[in-house]
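Noted in TrEMBL for the protein shown:
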TRANSMEM  30-49  transmembrane segment
TRANSMEM  55-75  transmembrane segment
TRANSMEM  122-143  transmembrane segment
TRANSMEM  149-168  transmembrane segment
Amino acid sequence: DSSDDIEDVSLFDADDEVSRRSKKSKIRHPVASFFHLFFRVSAIVVYLLCELLTSSFIACMVTIILLLSCDFWAVKNVTGRLMVGLRWWNQVDDDGRSHWIFEARKVPAQGSKASSEAESRIFWLGLITCPMIWVIFAFSALFSFKVKWLAVVVMGVVLQGANLYGYIRCKVGSRKNLTSMATSYLGKQFLRQ
């Protein structure tokens, strides 16, 4: 089973103080950190400036979708593994059934390969913030009746939302139901109040 011997990788670096001191805040994978944000931010910037730079909707749409696709691939296959030690994929068995697999990095013997706090923060902020921006763009396109842009924005929401969902499932474990986990968390917060 893929959930045995896995390290608990913090979603927002909310670990206790001891583990915070043990993690280095230095960025260990600067190229991965750069490309984790580059494709995401570039797609948003192109979307915002597209009508100012060119009058060709097709060129803008293709550019944005290429940037979003590069972002999806880079985050799913490279930066998630390097920056936070998480990965997810879909596997089809011999019967044709699809199985989603969510993994976290195995606990290293000496703790030397743990992800840095700075990389973890960059990863999760980029992973959470950009889909929220695309959702805002979706409502903006919908309410301003820019139907042609709605397809592009929906692609942004779907591709970046899929990565967000996959990595949250990696973080919380593949067997846990996200709804029950959210209800449990909110219940604990309510009782603390």
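Cβ coordinates are placed from backbone N, Cα and C, and glycine is handled just like the others.
It is 122-143 that, among the stretches 30-49, 55-75, 122-143, forms the most Cβ pairs under 8 Å with the transmembrane segment (149-168). Counting only same-chain residues 6+ beyond the ends of the transmembrane segment (122-143), those with a CB under 8 A from a CB of the stretch are 11-13, 27, 33, 36-37, 40-41, 44, 47, 75, 79-80, 83-84, 149-150, 153-154, 156-157, 160-161, 163-164, 167. A Cβ distance under 8 Å defines the sequence-distant neighbours of the transmembrane segment (55-75), meaning residues of its chain 6+ beyond its ends; these are 35-36, 39-40, 42-43, 46-47, 127, 148, 151-152, 155-156, 159-160, 162-163.
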